[in-house]
Amino acid sequence: MSFELPKLPYSKNALEPYISEKTIEFHYGKHHQAYVTKVNNLSQGTPFENASLEEIIKKADGGVFNNGAQVWNHTFYFFQFNPDGCKEPKDELKKAIEAKFGSVEKFKEEFSNAATTLFGSGWAWLVKNEKGELEIVQTANAGNPLRDSKTPLLTCDVWEHAYYLDKQNARPKYIEDFWKIIDWKVISERYSK
Amino acid sequence: MAFELPKLGYDYNALEPHIDARTMEIHHSKHHGGYTTKLNNAVEGTDLEGKSIEEILKNVSSHSTAVRNNGGGYYNHNLYWQVIAPGGAKSPSGELLDAINESFGSLEKFREAFVQAALTRFGSGWAWLVLQNNKLAVSSTPNQDNPLMDVADVQGTPILGIDVWEHAYYLKYQNKRPDYVNAFWELINWDEAARRFKG
C-alpha cells in the first residue's frame, strides 16, 4: 500500500504561540513526510507491501516498523490539536479519568511527568488497555502501544524535533503548552470508539 | 569530589560555521550542565561517590538508570568537546592512520562506515570509533550509552564520538542530520583522536 501524508486539519500557524509555524513546517512538512516516503520505499518487496499501518505496528521490525509507526504516531499527534477545540475532558472520558487518576489535574500531572522523564526520543501516551481501563505509558523512539494491544487516546511527542526550535532544552515548557491546544472532543471520540 | 562541568577551552563561536554559537552554548551549559548536576545527585551518598567516571561506567549495569543516563551524558559530552576542539591535525597520521587502514581498508572507507553509523542510529544516540583488542571498530549506541559500558554491543576505548541527539544540530540543521555529520567530520581534531588511541 502506498501511504500519503494526510492534510492537516488546520493551518500551519494555527497552533501559535504554543507550537510555531516553523516547527510545524519541519515537524509535519519534513519529518512526517520523510517517514511516509521511507515506509513506502522500505516496505516494497516485503510481506508488508500491502499491509496497513496497524499491521506494520503490530508485526514489523527494523526500518519498516520505525517509519510505519512514526507515520501513525505523527498523524495521531497532529490530529489531536485544535486551538479552538474543547479545553477539558467531559462526560464518559472525564469520569474514567477521575476514576483512575483522582482528578483531571492529577492525570495531567502524571502524564506530564511521563513525558518529561522519558529519556531520549519517544512518546508519552494515554491508552485504554484490554480491560478498558486507562493507563499512562511511555514508548521509546517509534514505539506504539498498539503493539501491546493497548488503544492510544492521547500522545505527546518528546523527540527533540517536536520542540527544539521553540523551547530548546526546556521540555517541561513544551509539555505545559501542549495541554493548551489539545482538543478533548477528539480524545473523547477515540475513547468512545 | 563532585563531578564538574568542564570548561570548553574555546569560545562558543569557535566552531562556526559548522556548529553555531547558540547551539554550543545551550548544548554545553544546559544539556551537559544538566547531566553533570543529575550525575552528582545520583551518586551522592552511594558507594560510587569519589569514583572516576570511567570506573562507574564499566559496571554500569549494576547501577541505577540515573547513573547510566547521566554518567553517560557526562562522559560523552566531555569527549565530544575535545574531539572537535579547534586546532590540531586535520587528518590522521602515524599509528592511528595505520590502524584505520588496517581495520577499514582506507580512511575513506572508515569515513563511510562512521557516517553510516551516525545516520542510521534511529532516535537519540552516538556513533563511535572504538579501540577494541588493538583493532578499530565503528559502532553506535542509543541515548547516552557508550563503549565503556558493560551494556554496549561493542565495548572498548572511545577514540571519536559524534552526538546525534537532535539537540546537537537541530537549531542549525533541523531535519538534515547528514549535513551536520559532514560538518562534524570537518571539525575532527585528529591530535586528540591520536592521544586517545595511544591511551
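Cβ coordinates come from backbone N, Cα and C, glycine included.
Curation does not apply to TrEMBL; its annotations are automatic.
Quick caveat, the model's predicted, so the values are computed rather than measured.
The Mn(2+) binding site annotation in TrEMBL covers B:His27, B:His77, B:Asp163, B:His167. What TrEMBL lists as domain 'Manganese/iron superoxide dismutase N-terminal' is B:3-84. TrEMBL lists B:92-196 with the feature domain 'Manganese/iron superoxide dismutase C-terminal'.
Closeness to chain A is evaluated for the binding-site residues B:His77, B:Asp163, B:His167 by Cβ distance, with values under 8 Å counted; counted residues in sequence order are B:His167. Per-residue pLDDT, averaged over the domain 'Manganese/iron superoxide dismutase N-terminal' (B:3-84), rounds to 98.
Note: B:His167 (Mn(2+) binding site) has non-local neighbours B:Ile26, B:His27, B:His31, i.e. same-chain residues 6+ apart with C-beta under 8 A of its own C-beta.
When the domain 'Manganese/iron superoxide dismutase C-terminal' (B:92-196) is classified with DSSP, helix, strand and coil residues number 50 helix, 23 strand, 32 coil.
Within 10 Å of the Cβ of B:His27 (Mn(2+) binding site) there are 24 other Cβ atoms, across all protein chains. Residue environment of B:His77 (Mn(2+) binding site) contains 23 other Cβ atoms, counted within 10 Å of its Cβ in all protein chains. Other than B:His27, B:His77, B:Asp163, B:His167, the residues of this chain whose Cβ falls within 8 Å of the Cβ centroid of the Mn(2+) site are, in sequence order, B:His28, B:His31, B:His32, B:Tyr80, B:Trp165, B:Ala168.
Each residue in the domain 'Manganese/iron superoxide dismutase N-terminal' (B:3-84) gets a DSSP state, and the totals come to 51 helix, 0 strand, 31 coil. Listed in sequence order, B:His27, B:Asn76, B:His77, B:Tyr80, B:Trp126 are the same-chain residues six or more apart from B:Asp163 (Mn(2+) binding site) with CB atoms under 8 A from its CB.
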